[in-house]
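K.L.:
Dumping the structure here so I can ask a few things about it.
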Amino acid sequence: MYYPFVRKALFQLDPERAHELTFQQLRRITGTPLEALVRQKVQEKPVQCMGLTFKNPLGLAAGLDKNGECIDALGAMGFGSIEVGTVTPRPQAGNDKPRLFRLVEAEGLINRMGFNNHGVDHLIENVKKAHFDGVLGINIGKNKDTPVEQGKDDYLICMEKVYAYAGYIAVNISSPNTPGLRTLQYGEALDDLLSAIKNKQNELQEIHHKYVPVAVKIAPDLSVEELIQVADSLVRHNIDGVIATNTTLDRSLVNGMKHCDEMGGLSGRPVQLKSTEIIRALSAELKGRLPIIGVGGIDSVIAAREKMAAGATLVQIYSGFIFKGPQLIKEIVNHI
């Protein structure tokens, strides 16, 4: 109930500054009795997906808690899963500021963060301290200065390091803010990456005596033909799940709005329909052979239900959480 007042204050600030201040406060309470301040009781609605039991179908999408600093505080709000990252082998600063913009009228965000994070080792130290009782996903990417041709090495380094601590691993090949990254979604480059990831997963399963599922996160800007090829590759390589979708480069729904011409990926309500269409097409192609985690513009119970009706087993929120606050979690979980 109090979030509209908090939002009003935060929205007076630069978006990245608002994020930093919010996380400063969440860091203070995470892992302490003060977590009670943000705790919400939500209904238990268990879902089986990728061989894991999720206590409810709603997750936090990657990008909000890049370094795994506030896992417990965010978990207290009622998420069934939290995806931290994107994390890279080495720390990196990301792109120059400003790099995050609100499109308030559209309830959307444009970001060109560029995988700013403190590196995989730092993330793991934070994950070790967390007591979240839901499923923890760790989203991995490549460093900006790693040539795309050697990009798979970065994913394998991250996989090796996070495997013991992850409920599932998300492979991000769809951010528009790392030059060349999206080329990994196509043809031989995708097959080469997925083959290496599957081999590494099998190797790590032997070492750790546990199977950690791998999901691949795709872009909403794929054509139908490209989507069919991606689906075929995911099935052929026995990938465990697909996260659909990342942010879009399409600005058709926000033309003329403040910040609409900023470079970067657009998320929030403007990507809602596009991501749902991708999920529907993907579901028709996959025919249940691997599960879909639906993300993109979910800002209400109806939007979440639309993703699930289109074929998603689980859903995630990010921008909707920024615009609507923790109450959205409770509404979606209790009524989905």
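Along the chain as shown, residues are numbered 1 onward.
Glycine is treated like the rest: Cβ placed from N, Cα and C.
Sharing the features that Swiss-Prot gives for it:
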ACT_SITE  SER175  active site, nucleophile
BINDING   ALA62, GLY63, LEU64, ASP65, LYS66, THR86, ASN139, ASN172, LYS217, THR245, GLY268, GLY297, TYR318, SER319  FMN binding site
BINDING   LYS66, ASN111, ARG112, MET113, GLY114, PHE115, ASN172, ASN177, ASN246, THR247  substrate binding site
K.L.:
For a quick check of packing: other C-beta atoms within 10 Å of the C-beta of GLY114 (substrate binding site), how many?
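P.N.:
I get 19 for this one.
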K.L.:
Whole-number Å only: compute the distance from the Cα of GLY268 (FMN binding site) to the Cα of ASN246 (substrate binding site).
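P.N.:
Distance between the two Cα atoms comes out at 10 Å.
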K.L.:
Give me the sequence-ordered set of same-chain residues, not including LYS66, ASN111, ARG112, MET113, GLY114, PHE115, ASN172, ASN177, ASN246, THR247, with a C-beta within 8 angstroms of the centroid of the substrate site's C-beta atoms.
P.N.:
GLY63, THR86, GLY94, SER175, PRO176, THR178, GLY264, GLY265
K.L.:
If one looks at the chain holding TYR318 (FMN binding site), which residues at least 6 apart in sequence have a CB under 8 angstroms from its CB?
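P.N.:
Long-range Cβ contacts: LEU60, ALA61, GLY63, LEU64, SER267, VAL295.
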K.L.:
Just how many other Cβ atoms lie inside 10 Å of the Cβ on ASN172 (substrate binding site)?
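P.N.:
Its Cβ has 26 other Cβ atoms within 10 Å.
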K.L.:
List, in sequence order, those recorded positions among ALA62, LYS66, ASN139, SER175, LYS217 whose Cα sits within 10 Å of the Cα of ARG112 (substrate binding site).
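P.N.:
Within 10 Å of ARG112 (substrate binding site): SER175.
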K.L.:
Determine, from DSSP, whether ARG112 (substrate binding site) sits in helix, strand or coil.
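P.N.:
In the DSSP reduction, ARG112 (substrate binding site) maps to coil.
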K.L.:
Let me check the 10 A CB neighbour count of GLY268 (FMN binding site). How many other CB atoms are there?
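P.N.:
Neighbour count, Cβ to Cβ under the 10 Å cut-off: 24.
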K.L.:
So, in DSSP terms, is ASN139 (FMN binding site) helix, strand, or coil?
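P.N.:
ASN139 (FMN binding site) sits in a strand per DSSP.
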